[in-house]
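Under the heading compositional bias 'Polar residues', TrEMBL lists 81-93. Annotation source TrEMBL lists region 'Disordered' at 81-100. According to TrEMBL, the repeat 'WD' annotation covers 137-166, 167-209, 298-339, 353-387, 404-424. Per TrEMBL, the feature domain 'SOCS box' maps to 432-468.
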Amino acid sequence: MASFPDFVNENEIGKAKFIGELIPPVAPFDQKSGRETWTVAFAPDGSYFAWSLGHRIVRLVPWKKCLSSFSVRKEDRSSGASQRCLSRQNSEGSLLPGEPREHTIDCGDIVWGLAFGSSVPEKQSRCVNIEWHRFKFGQDQLLLATGLNNGRIKIWDVYTGKLLLNLMDHTDIVRDLTFAPDGSLVLVSASRDKTLRVWDLKDDGNMVKVLRGHQNWVYCSAFSPDSSILCSVGAGKARRADIKQPVRNTLGTAAIAAPVGRSCARAHAPRGFHAPAHKGFLYVFLWDMDKYTQIRKLEGHHNDVVSCEFSPDGALLATASYDTRIIVWDPHTATILLELGHLFPPPSPIFAGGANDGWVRSVSFCHNGHHIASVTDDRLVRFWSIDVQSPQAIAPLTNGLCCAFSTDGSVLAAGSRDGSVHFWACPRGIASLQHLCRLTLRRVMSTQQVYTLPIPHSMQDFLAYKTF
């Protein structure tokens, strides 16, 4: 088994530029709290970086200060000084008034999920009948939500490190958290109790709705850029009777199930024809967040789906699974546009859940809409370009668990089981004018609307991302 298809020479793949790392301070092992960095997050305005460094602790680090420290260390190494890793920052006394300060937060239990939320005053609470609220969120408000092992969600003021709210309703681990990007401070939590819960923090943390549908753990959720759609992914147990073998076309390549010919493979089909995905357990759900109803289910993965994220224009949805694949979907039509394989030859659907050492742990969409990053169990971080046949760059990472791009898309952060976080520069490139125009147009148009435009079919396919 290999991490790349035969036609790809691993030695010819670019090496991602390593920037620096954050290493947790040495502490005695606590049986009740492991060292894993289950999640990392960047503030929407780029001011802070947060990481769960194990032992119930979350570190809030001013991002500019963090980058500056990496630069200083690089200069020290080039001048022959000993290497130093940023494990703590204690220079708050030298900070100017109003400059972001570092905070160390003890959450009281293992931290599984992190999410930043910022407030827009014009976005009012949905509970219009309540005229008085305990908390008044201003325009400069920045919150951090932490999902804990005991099922609780704690909300913190990022600037002061003060605990604001303690949300209690889940009955099992809160695995993931995500804020609506529209500034409404609507928070969605995904839990191992098989539910998603919607919270309105502008209504003092009132729980608005419980979303049910998953038959097993819910691993992750993500909002579309306009906050109208929520994607949730989770665990399941496939049955052999539900799995169909790949259909072979006349070229002898798998038409649907297996990534072939290129690591990013899609079915060979005529224009307008969309091959159906394999029937099986449903791990990917899409929800209407205006009505809190289920829109559709996406079928295609053969094992637990553990991570998901929308592209910045909302036209694409990437989901990562233990079946060794990332699938890029069109969320408007529920069709598979792209498959990013991480194990070759790919495991058959029946054995996709085995110990294949190629489980994909996390996926993240870059804010330029052109790059996707993945963290896998084969000790590699991959940087994919949506129009290139193989990873554009790779980097070594042992026991990686999660990843996230910085707000400007220039840096990728990845957390690991030892509590550390590693940073790489995103591959550089100048986006084409065509790509920028597509990003702009797809922010306001669905796939169905694209195909009503009075333009050539080739342009419609390009706008619908069907020219991969």
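The backbone N, Cα and C atoms fix where each Cβ goes, glycine too.
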- Message: Within the same chain, where does the domain 'SOCS box' (432-468) have neighbours whose Cβ lies under 8 angstroms from its own Cβ atoms, ignoring anything closer than 6 residues to its ends? I mean 6 or more beyond.
- Response: 225-226, 264, 266, 271, 312-316, 328, 330, 332-333, 337-338, 369-370, 386-387
- Just give the helix, strand and coil counts over the repeat 'WD' (353-387), going by DSSP. 0 helix, 18 strand, 17 coil
- By DSSP, how many residues in the repeat 'WD' (137-166) are helix, how many strand, and how many coil? 0 helix, 17 strand, 13 coil
- Task: Take every residue in the domain 'SOCS box' (432-468), average their pLDDT values, and give the whole-number result.
- Result: 94
- DSSP tally for the repeat 'WD' (298-339), helix/strand/coil in that order, comes to 0 helix, 23 strand, 19 coil
- Can you count helix, strand and coil residues in the domain 'SOCS box' (432-468) using DSSP? 21 helix, 0 strand, 16 coil
- Using DSSP three-state counts, the residues of the repeat 'WD' (404-424) come to 0 helix, 12 strand, 9 coil
